Amino acid sequence: EHSTEHIYTEIAYPLVEGVTEGYNGTIFAYGQTGSGKSFTMQGVVDPSSHKGIIPRAFEHIFESIQRAENAKFPLRASYLEIYNEDVQDLLGADTKQKLE
């Protein structure tokens, strides 16, 4: 069993670092209901050591953008849940609304 910090550092960090260099990146969590996918991806705010992959990735990306002076970065992100062939946008205003 590993912490979300360990999982981010070992698995997601290299991918997100590539995103800051202009590459596309995808993180996909798959598993049974109750296996920890949501916790691993979202985490909790307090303590900060339990932040999930998504908040850590956004921090990483925006810190990189902030350090780059006189540069513009187009940024597009999606955070979707697929359950029983229903797709929901977890970044949208209504996370319960199903997408077509």
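Cβ atoms are placed via backbone N, Cα and C, with glycine included.
Feature annotation from TrEMBL assigns domain 'Kinesin motor' to 1-100. Marked as ATP binding site by TrEMBL: Gly31, Gln32, Thr33, Gly34, Ser35, Gly36, Lys37, Ser38.
Per-residue confidence over the domain 'Kinesin motor' (1-100) averages 89 (mean pLDDT, predicted model).
Local packing around the Cβ, expressed as the count of other Cβ atoms within 10 angstroms, is greatest for Ser38 among the binding-site residues Gln32, Ser35, Ser38.
Secondary structure of the domain 'Kinesin motor' (1-100) per DSSP, as helix, strand and coil residue counts: 41 helix, 12 strand, 47 coil. Long-range Cβ neighbours of Gly36 (ATP binding site) (same chain, at least 6 residues apart, Cβ-Cβ under 8 Å): none.
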